[in-house]
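If you look up TrEMBL, you'll see B:6-28, B:40-62, B:74-97, B:109-131, B:151-173, B:180-198, B:227-250, B:257-278, B:298-317 marked as transmembrane segment.
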Amino acid sequence: MISLIRSIWLTFLHLFHKKETIQYPEEKVQLKPRYRGRIVLTRDPDGGERCVGCYLCAAACPVDCIALQATENEEGRRYPEFFRINFSRCIFCGFCEEACPTYAIQLIPDFEMAEYVRQNLVYEKEDLLINSQGKYPGYNYYKVAGLDAGVKGKGEGENEEPPIDRHSLLP
Amino acid sequence: MSETLTYWIVIIGILFVLLNVAALLIWVERRMLALWQDRLGPNRAGPLGLFIVLADTLKLFFKEDWTPPFADRNVFVMAPAVVVICVLLSFAVIPFAPNIQIVDLNIGLLFFLGMSSLGVYSIVLGGWASNNKYSLLGALRGASQMISYEVFMALSLMGVVMLTGSFSLHAIVEAQKNCWFILLQPVGFVIFFIAGIAETHRLPFDIPEAESELVAGFHSEYSGMKFGMFFIGEYLGITLISAITVALFFGGWLGPAFLPPIVWFIIKTTGFILFFILLRASLPRPRYDQLMEYGWKVLLPLSLLNLLVTGGIILLLNQP
Amino acid sequence: MDVFFYIAAAVAIISTVLVITRKHPVHALLYLIVSFLAVAIIFYQLGAPFVAALEIVLYAGAIVVLFIFVVMMLNLGKETSLQEKTWLNLSTWLLPGILASILLIELVYLINTQPNSTITIAEVDPKAVALSLFGPYLIGVELAAMLLMAGVIGAAHIGQRKKKYWHRFLQEDEQ
């Protein structure tokens with residue numbers, strides 16, 4: 001009986017506590033930098049697309065909302081011909097971000113993407129590709145890759161030794 | 001002529017005010033519950049979110065009024081009306097102010113008890129006519145809960161009746177001129193209030209509906225305005241129990257003279273309505289057998305003892 | 001005021017007839033409630049508001065609820081109403097009906113031939129009821145109380161059940 005009255009009293013005191021509610025449209029919610037929101041495709045420091053069209057994000061996606069087609073330019077650099085994310089399916093799990101070997105696909109702290117028409121939730125590459133390096137500034141995949149795709153010559157990358165002439169290795 | 005006119009104005013005025021209060025309580029309850037849970041509650045539509053009442057009512061009106069094909073049609077339609085009729089009829093005997101009372105029956109209190117006991121039918125019939133097992137379980141629980149708690153409710157009120165010597169609510173309020181009955185009958189008040197919560201099947205005694213166990217209990221199959229009737233009936237029931245409590249134990253319209261009597265009555269009643277909502281915010285629901293055990297093994301002996309002691313003291317004081 | 005009496009009496013009779021003729025037990029009970037309410041109004045008319053209120057609180061409000069409670073749990077469906085139909089054929093009710101109507105005719109005749117057929121209405125307030133209950137009829141009240149006490153104890157005894165242990169670890173050792 002005493003405990004009941006005590007709990008009634010304590011609940012009553014909550015009348016004077018600070019309210020947790022955030023008055024959303026006027027008052028924005030403070031999101032953490034690692035919040036998993038809208039998915040974007042980032043660019044490397046030189047302004048090139050980071051995505052190499054490896055399909056790992058599409059394979060990792062548990063709801064199959066990512067569709068892309070890889071292609072190659074004349075310098076041998078791979079990039080997606082189209083990149084489509086159906087946000088009406090996306091569950092914002094972040095597996096695509098974890099799967100991405102080049103830090104291209106990233107989830108950013110933004111969730112305000114409501115639409116009246118469901119079709120508008122299908123984002124194409126021009127909607128996804130942003131002019132920013134995202135969470136990993138300064139990272140350029142082709143600088144550390146062994147491949148010559150027009151960014152650097154073979155063997156000129158970071159922590160990369162110049163290519164060895166196989167024939168000179170002969171005893 | 002003018003007397004009958006004022007009489008009708010009082011009746012229609014009370015009806016109008018009550019229905020509006022019942023609708024307003026939707027907003028009050030949601031706001032207060034929110035505040036007690038550290039939220040803000042509905043505050044968007046209109047000033048302070050007051051138009052939520054309008055939106056809710058409109059929504060209920062425009063919903064499909066679906067009568068399930070497996071239901072017992074006539075009884076199904078009748079059940080929601082019963083609760084509203086019974087509660088509204090009970091308000092006929094409540095003294096809002098010295099001159100604002102629809103009828104001053106000399107069995108006013110018994111009339112209130114009779115109407116509240118007829119209110120059980122809405123739950124029983126609603127649950128039975130729905131032909132749904134959850135509804136039926138809710139109806140069974142509701143019937144046994146309300147019948148049991150009616151007993152203690154009546155018994156706890158008898159102390160007040162003994163002190164006044166009358167069943168008339170007007171006379172009961174008049175008798176509290178010197179001392180409110182809460183001071184003379186604290187046990188009676190506690191038992192009456194607990195029984196009142198059980199009668200209106202409000203949380204924590206909302207066992208007939210118990211949405212975590214029985215979907216929505218006896219009104220699982222109801223929709224549209226028929227559900228709205230149950231909804232309104234519940235809020236009217238809260239208002240009724242609060243008003244009766246005020247009239248019986250807290251001196252009704254009595255209060256310092258700087259405010260008119262009706263205002264005192266409204267202030268006290270509002271306090272009790274808010275207390276009802278506070279109870280909902282703070283207490284968990286007991287199990288069904290706990291509720292019955294508590295009623296029959298604690299409240300019944302306690303109310304009988306209260307009656308005995310009250311009678312004894314009255315006899316002792318009235319001895320020459 | 002007489003008009004109200006006759007209306008209430010007519011409602012009472014009609015609803016009681018409907019109680020007998022309804023096939024579905026719950027519907028029959030609903031008409032029984034209406035009948036009780038009509039009887040309560042008649043009591044009120046005759047100057048016994050206390051009895052009227054008790055009629056509603058106890059009979060209409062509590063006892064019929066218990067009836068409905070039981071009937072509800074029996075889950076009586078279409079089969080029972082069919083059964084009821086076969087039971088209620090002409091040969092079963094004709095003879096009792098005739099006998100009862102003979103008695104009814106006699107009753108009406110006797111009432112009509114009574115010299116003083118007007119009912120004197122005397123207001124009986126709750127206090128008078130209480131005084132007579134605890135005065136001249138004290139023994140009746142006490143006998144009823146003893147009967148009720150026996151009923152309560154019996155119910156408590158029947159309702160007792162063995163303590164259930166939900167798990168053997170929670171079981172207390174028997175001394």
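Any Cβ shown, glycine's included, is placed from N, Cα and C.
Note: TrEMBL annotation is automatic and uncurated.
Sequence-distant contacts of the transmembrane segment (B:257-278) (same chain, six or more residues past either end, CB-CB distance under 8 Å): 25, 28-29, 32-33, 36, 96-98, 100, 197, 200, 202, 238-239, 241-243, 245-247, 250-251. Counting same-chain residues at least six beyond the ends of the transmembrane segment (B:227-250), those with a Cβ under 8 angstroms from any Cβ of the stretch are 18-19, 21-23, 25-26, 29, 57, 60-61, 80-81, 83-84, 87-88, 90-91, 94-96, 109, 112, 116, 119, 122, 126, 157, 160, 169, 172-173, 180-182, 185, 188-189, 192-193, 196-197, 199-202, 219, 265, 268-273, 275-276. Note on the transmembrane segment (B:109-131): residues 68, 70-73, 75-76, 78-83, 86-87, 89-90, 92-94, 137-140, 142-143, 146-147, 150, 153-154, 157, 161, 167-169, 172, 199, 201, 208, 217-222, 230, 233, 237, 240, 244, 248 of its chain, located 6 or more positions outside it, place their CB under 8 angstroms from a CB of the stretch. Highest Cβ pair count under 8 Å relative to the transmembrane segment (B:40-62), across stretches B:6-28, B:74-97, B:180-198: B:6-28.
Panel annotation: around the transmembrane segment (B:6-28), residues 42, 49-50, 52-53, 56-57, 88, 91, 96, 100, 102, 231-232, 235-236, 238-239, 273-274, 277 of the same chain, lying at least six beyond its termini, place a Cβ under 8 Å from a Cβ of the stretch.
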